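Notes follow once the structure below has been shown.
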Amino acid sequence: MERQNIFTILARDGHARRGRLSTAHGTVETPVFMPVGTVGSVKAVCPADLKDVGAQIILGNTYHLYLRPGDELVARRGGLHRFMRWDGPILTDSGGFQVFSLNELRRLGEEGVEFRSHLDGSRHLFTPEKVVSIQRNLGSDVMMVLDECPPGGSDRDYVARSLGLTTRWARRCREAYPAGAGEQHLFGIVQGGIYEDLREESLAQLAGIGFEGYALGGLSVGEKKADMYRILAHMGPRLPENAPRYLMGVGTPLDIVTGIENGIDMFDCVLPTRNARNGTLYTSQGKVNIKRAEFREDDSPLDPACSCYTCRTFSRAYLRHLYVAKEILSFRLNTIHNLRYFLDLTARARTAIEAGTMAALKAEIAAAYPEDGA
Ligand SMILES: Nc1nc(=O)c2cc3nc(NCCN4CCCCC4)[nH]c3cc2[nH]1
Ligand SMILES: [Zn+2]
């Protein structure tokens, strides 16, 4: 049966789209950046902080939550929203990528992927049906299919075989959770490495199965930036027009703006949260390494163009002091700012698309982050 359209396009600027995604926990204004909350927490900040910085939808991880505290336990506590006290939309990655990036000990077969827990070495098997079941227990608003993300630099034969497995797994995920089966959305993940023809083949197979949204996987996994941009330019506009498009694990400020101009609607990346904890802060003037001695007596705000709590309240001198002293507060204040920067960037993109000025925003970000395009 025809499902109500979950995604509406409100404005365009070239391939860029200003849209709105509806979920069981509210609507998401796109383009959107999703803070990463791998084990049910966006590291160093609480839900109130997330609301304050403008987060709409956050990311959780099937692999991590399954291993600890367990998806059944989370279900018994009322699901992930209730458990972590986040009442907005949540997207969960399916675990395939995390199994590969966290475990050398794993066996890949038609049935699924066998792996050992990185926590206690216990053995587990993720099948398409299992990862759908886990994500239903978590109650995420957007579930991702189980896929194989070929390591960056994989040869064409391997990538071609791998995308076949990914399609068969995607079909099994859809069969485990048919369209209309519930309020959770299920997104397919396009693979195909750095090969345009394999990417188109993967997309055609997934579109034939039918998903509520489509992700570009297999990127930002060590391939050359030029290869990522080439695939992004080729595939972004080819993804289904009226469905949300998600570029997994991306990226830097320039990557995000480039993704938007190629028709991508959703992004997630650990850069703002991870770099906050090592003192690399993103500002309107580029990256600021807060531990530098030049900030010892600098009373100015981290970023005069930012209105986050950190920039409104504290000086660079104080932020540097906290970082050098390894004060726990440093993690929270730096994370609040970096998340606000990435969330404001996508908010500005939404406005720019409505005004037809995406090119100017791209030029501004490229000038502030010259090293990103490399
Ligand atoms: N299910 C799934 N499939 C993918 O192909 C995938 C591809 C991905 N590619 C990335 N890249 C993350 C790159 N990140 C950049 C900043 C430092 C840490 C790594 N994350 C990904 C997550 C993914 N999840
Ligand atoms: Zn700020």
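Residue numbers in this text run from 1 along the chain shown.
Cβ from N, Cα, C; glycine included.
Per TrEMBL, the features are:
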type	residues	note
DOMAIN	15-370	domain 'tRNA-guanine(15) transglycosylase-like'
ACT_SITE	Asp93	active site, proton acceptor
BINDING	Asp93, Ser94, Gly95, Gly96, Phe97, Asp147, Gln191, Gly218	substrate binding site
REGION	249-255	region 'RNA binding'
ACT_SITE	Asp268	active site, nucleophile
REGION	273-277	region 'RNA binding'
BINDING	Cys306, Cys308, Cys311, His337	Zn(2+) binding site
For Ser94 (substrate binding site), what residues in its own chain, 6 or more apart in sequence, show a Cβ-Cβ distance under 8 Å? Thr62, Val131, Gln135, Met143, Met144, Val145, Leu146, Asp147, Cys173, Ile189
For Cys311 (Zn(2+) binding site) and Gly218 (substrate binding site), determine the Cα separation and express it in whole Å. 36
Where else in the chain does the region 'RNA binding' (273-277) make close Cβ contacts, counting only residues six or more beyond its ends and a cut-off under 8 Å? 35-36, 42-44, 331, 334-335, 337-339
Pop the mean pLDDT for the region 'RNA binding' (273-277) in here, whole number is fine. 98
Beyond the flanks of the region 'RNA binding' (249-255) by 6 or more, those residues with Cβ under 8 Å of it: 97, 219-221, 228, 267-269, 271, 282, 341-342, 345, 365-366, 368-369, 372-373
From the binding-site residues listed here (Gly95, Cys306, Cys308, Cys311, His337), select those whose CB sits under 6 A from an atom of ligand 2. Cys306, Cys308, Cys311, His337
Helix, strand, coil: count each for the residues of the region 'RNA binding' (249-255), based on DSSP. 3 helix, 0 strand, 4 coil
Relative to the mean position of the Cβ atoms of Asp93, Ser94, Gly95, Gly96, Phe97, Asp147, Gln191, Gly218, the recorded substrate site, which additional same-chain residues have Cβ within 8 Å? Met144, Val145, Leu146, Glu148, Cys149, Ile189, Gly217, Met248
Using DSSP and three states only, what is Gly218 (substrate binding site)? coil
Cys308 (Zn(2+) binding site): which of the recorded positions Asp93, Gly95, Gly96, Gln191, Gly218 is the nearest Cα neighbour? Asp93
Of all the recorded positions given, namely Asp268, Cys306, His337, which is spatially nearest to Gly96 (substrate binding site) at the Cα level? Asp268
